[in-house]
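Report on the structure given below.
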Amino acid sequence: MNNKKSLLKALLIIIVIGLIGYFVYQSFLKKDSDSGVVKIGFLVPTLENPFFVDMTESAKNLENEKLKVFIQASQDELKQNQIIENFIAQGVDAICIVPINSESIIPAIIKANNANIPVINVDNKINLESAKNQGAVLATYIGSDNFEGGQSAGEYIAESINEQGKVAILEGVSGNDAAIKRKGGFEDVMKRYPNIQIVASQAADWNRQKAKDVFDAIMTANPDLDAVFAANDEMALGVIAAMKNKRIALDSIIVVGFDAADEAIKAVELGELNATIAQQPKLMGAEAVRLVLSIVKKESVKDSYSTPLKVIK
Amino acid sequence: MLKKIKKYNLLVMLLVLIIIFGIINPAFLQPSNLLNILTQNSIIGIVSLGMTIVIIIGGIDLSVGSIVAFCGLVLALLLTLNIPLIAALLITVVVGSFFGLINGVLIKKGKIPAFIVTLGLMSAIRGGGLLFSNSKSISIGGSELNSILNTKLFGVSFSALIFIVLSIGLWYLLKKTYWGKYIYAIGGNEKAARFNGIQVSKYSIIVYVISGLMCGIASILLVGSLNSAQPQAGQLYELTAIAAVVIGGASLAGGKGSIFGTFVGVLILGVIQNGLSILNVPSYYQYILVGFIIIVSVLIDKNYNTK
């Protein structure tokens, strides 16, 4: 029996070593001499969302012998900060951050500052006032102007419903900067049209399933709805799913999304979705890396850069 | 003897992981990184300590993540109201213990299974936190708390020290006091424990209160490290904590488990996460490896028990 136990123990250790050996093999393949190589840590909230996949892939595509990009993702505030600590321990030359929360990331930025690692804020904006108060410094910002995007969506919807009717908004995660800006830009345009009424505005947390449920409720309360602005494509696709479930003609309600994800563009082509606002995540990811290279070369950069938006209809 | 082998086994697993990660990327072995691992895992570690004694009595506490989030919000709110730090900290741990008390009373006096009670509280407390924070995070700005927790004694952060001190304290309680013996007795065979005159309800309720208390303390570290509190914080803490406890050799049937095992279990999970992250392995692999290690460690354990 004792033999059996030790056998199992040995087997176990072998399996663990084998698994890790696989990672060794992988990382030796990718191994490079450290000198003169610029290493970038790129932190995004999730790689389940095609938006961030596009962003990080375009950054990764710029990799060469002199440039390495490490991608990590987490939607948990604490884990995001820990990933940054790990990037610092790993000795990266710059960190690009898409924060999940515009406040809680600040202590981690301070740690990067202390290690003299420049931090580039991408997409979701870090709260600059808080950062300043706590002594955190950002090298630069790159992203699109979400407020402007919300405005484009508002103008498209106003035009499509002949400047009158009832509209609804599906918001992103409460308190999230992009969520606030997109909604703000949309409302800003709606104010200019006295005959358009916003009958509902609810958070569906960027989530398709949740948007479907929330929109179900909105439709029940407002059967005569004319248009809906979903602050991202996932939620817009949730809206369409809800309409299909209830067998409501897809052309009876104007649906506009945001992000121009592949699935949404296909839905626009099929005529299911009326329009989507295109941020350009690929451009953002690539620009972020180029900015890092400028910063590492000590070239001066502006405080903020914006990537353009367009309406896909 | 068997216990010793098990402890040894766990340490071997931890050391093997550390050595392998160190060989692949020497940056991993830097003392600052190793201490980082301890600091980063002190929050989930403290939650796991409470979970250990809950699991030893044959219970389960699924509400830990929600309690951490709720207590964090309470603390952040109190600090934004400029209440003295000490008072705010005390109120926070009292709130955590109170939730533990509700869990314990419902389970033992209400005779509802622990899984159901704590599942219910997990949802209710999460909802409560979202409600009173209006589902927004509460920022406390650059805080005293943050600088205290980042203070280092001999290179070890204050957060990590709290985790170590609590581990030693609970280890002492479990191994060196009658209280500890009762806890194991209740988990081993509740009826026999009751027959022997142990006040099963009282001791079980205290165990859940301690679990709540640990969540309160963990929330202090969480708020300190983020300078803010999030209503959605602490999600899946219950699963990570259970994983750490189980890797540490506890049995979900009760009567088995140790603080030492949990401590090493937490470090094993932490090392995997940090090591793979430093090796730039996508997080998907981390989940796979963690799942694998949970099952394997229980497999070894089972093998020892069935002789």
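Glycine too: its Cβ is placed from the backbone N, Cα and C atoms.
TrEMBL annotations: computationally assigned, not manually curated.
Taken from TrEMBL, the feature transmembrane segment applies to B:53-78 (among others). Sequence-distant contacts of the transmembrane segment (B:53-78), counting only residues of its own chain at least 6 positions beyond either end whose CB sits under 8 Å from a CB of the stretch, comprise 43, 47, 87-89, 91-93, 95-96, 99-100, 103, 107, 114-115, 118-119, 121-126, 128-129, 132-133, 138-140, 170, 174, 183-184, 186-187, 190, 203-204, 207-208, 210-212, 214-216, 218-220, 222-223, 228-238, 241-242, 245-246, 250-257.
What TrEMBL lists as transmembrane segment is B:85-106 (among others).
Annotation source TrEMBL lists transmembrane segment at B:112-132 (among others). Proximity of distant same-chain residues to the transmembrane segment (B:112-132), defined by a Cβ-Cβ separation under 8 Å and at least 6 residues beyond the stretch ends, is recorded for 54, 59-63, 65-67, 69-70, 73, 77, 99, 102-103, 106, 231-232, 238.
Feature annotation from TrEMBL assigns transmembrane segment to B:153-174 (among others).
Taking Cβ pairs closer than 8 Å, the transmembrane segment (B:205-227) reaches residues 42-44, 46-47, 49-51, 53-54, 56-57, 59, 61, 64, 67-72, 74-76, 79, 89, 92-101, 103-105, 107-108, 139-143, 145-146, 148-149, 159, 162, 166, 170, 183, 233-234 in its own chain, all 6 or more past its ends. Under the heading transmembrane segment, TrEMBL lists B:205-227 (among others).
Per TrEMBL, the feature transmembrane segment maps to B:239-272 (among others). Beyond the ends of the transmembrane segment (B:239-272), by six or more residues, the same chain brings 6-7, 10-11, 13-14, 17-18, 21, 37-38, 40-41, 44-45, 47-53, 55-60, 64, 167, 170-171, 174, 184, 186-189, 286, 289-290, 293-294, 297-298, 301 to within a C-beta distance below 8 angstroms of the stretch.
The transmembrane segment annotation in TrEMBL covers B:284-300 (among others).
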